[in-house]
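Below is one structure, written out as structure tokens; comments come after it.
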Amino acid sequence: MMVKGKLLKLLILGAPGSGKGTISARIVKKYNVVHISSGDKLREHIEKQSALGKEVKKYLNEGALVPDEVMIKFMSEELKKVSNSTWLLDGFPRTISQAEALWKIQPVDVVLNLVVPFEVIIDRISKRWVHLSSGRVYNLDFNKPKIHGKDDVTGEDLVQRPDDKPEAVRKRLEIYETITKPVISFYKKKDILKDFHGSTSDEIWPKVVAHLDTLF
Ligand code: ATP
């Protein structure tokens with residue numbers, strides 16, 4: 001999609017479990033943009049046991065960040081493949097170095113920042129199940145699969161991510177507070193970031209639509 005002769009590049013930010021995956025899926029469907037989730041891409045590599053998958057597995061399982069140089073190299077390659085599309089980036093950048101590197105490779109035009117209360121996030125992650133190959137996310141409270149433990153579309157097994165276990169969740173939230181939050185300021189200074197507050201994705205979604213409708 002072209003806006004004023006330019007392909008829009010969108011970025012979504014938010015703490016682990018803030019609903020980035022859910023909101024991204026809705027954006028992709030409604031506005032027909034390409035979704036690039038760094039977490040999903042890394043999990044695919046782990047699944048197929050590629051060299052990169054083997055290298056990053058321990059970081060993901062512990063809820064630690066993959067080193068910047070690995071991430072920047074990997075994501076630069078991924079972004080090259082979609083340079084002719086309007087895309088929505090999710091999960092990258094997560095550090096100031098990554099944000100600076102991305103700004104040099106491909107500046108983003110719009111940043112959506114999801115702001116969800118801390119207690120909501122902890123509760124939500126503990127009830128989250130995912131379908132690994134598609135990235136579809138379910139929640140045992142408010143977005144149950146039709147058949148317990150099975151993906152609605154393929155019928156394949158759902159799994160709990162190893163980094164959704166309590167110890168790893170605590171670590172991911174700590175990292176988010178100390179290392180990833182400065183990325184929000186990075187984009188605020190460039191005046192392209194907008195906050196969206198809410199406790200559920202259904203509450204946040206109409207606000208995102210109102211904002212994106214002004215752009216598309
Ligand atoms: P959500 O809960 O919304 O799925 P998340 O932030 O917890 O989001 P992912 O974005 O799927 O999870 O990332 C999972 C893991 O992948 C991270 O904990 C980290 O180990 C690794 N990872 C993904 N993106 C990056 C990145 N940009 N830099 C470093 N590590 C990353």
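Cβ atoms are placed via backbone N, Cα and C, with glycine included.
Just so you know, TrEMBL annotations never went through curation; they're auto-generated.
TrEMBL annotations:
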BINDING   Gly17, Ser18, Gly19, Lys20, Gly21, Thr22, Arg128, Val137, Tyr138, Ser201  GTP binding site
BINDING   Ser38, Arg43, Ala64, Leu65, Val66, Gly91, Phe92, Pro93, Arg94, Gln98, Arg161, Arg172  AMP binding site
DOMAIN    128-163  domain 'Adenylate kinase active site lid'
REGION    37-66  region 'NMPbind'
REGION    127-164  region 'LID'
What same-chain residues lie close to the domain 'Adenylate kinase active site lid' (128-163): Cβ under 8 Å, and 6 or more beyond its ends?
17, 21-22, 25, 37, 40, 43-44, 47, 60-63, 169, 172, 200
Looking only at C-alpha atoms, tell me how far Tyr138 (GTP binding site) is from Phe92 (AMP binding site), rounded to the nearest Å.
22
How many neighbouring Cβ atoms, not counting its own, are there within 10 Å of the Cβ of Arg161 (AMP binding site)?
19
From the binding-site residues listed here (Gly21, Arg94, Arg128), select those whose CB sits under 6 A from an atom of ligand 1.
Gly21, Arg94
Hey, what's the Cβ neighbour count for Phe92 (AMP binding site) at 10 Å?
25
Would you mind pulling the DSSP three-state label for Ser38 (AMP binding site)?
helix
Candidates Gly17, Gly19, Gly21, Arg128 (binding-site residues) - the one closest to Ala64 (AMP binding site) by CA:
Gly17
At the level of the C-alpha atoms, what whole-angstrom distance separates Gly19 (GTP binding site) and Ser38 (AMP binding site)?
15
Taking the Cα atoms as reference points, how far is Arg128 (GTP binding site) from Arg161 (AMP binding site) in Å?
8
Which three-state DSSP class does Ala64 (AMP binding site) fall into?
coil
Model confidence over the domain 'Adenylate kinase active site lid' (128-163), averaged pLDDT:
92
Whole-number Å only: compute the distance from the Cα of Ser38 (AMP binding site) to the Cα of Gly21 (GTP binding site).
11
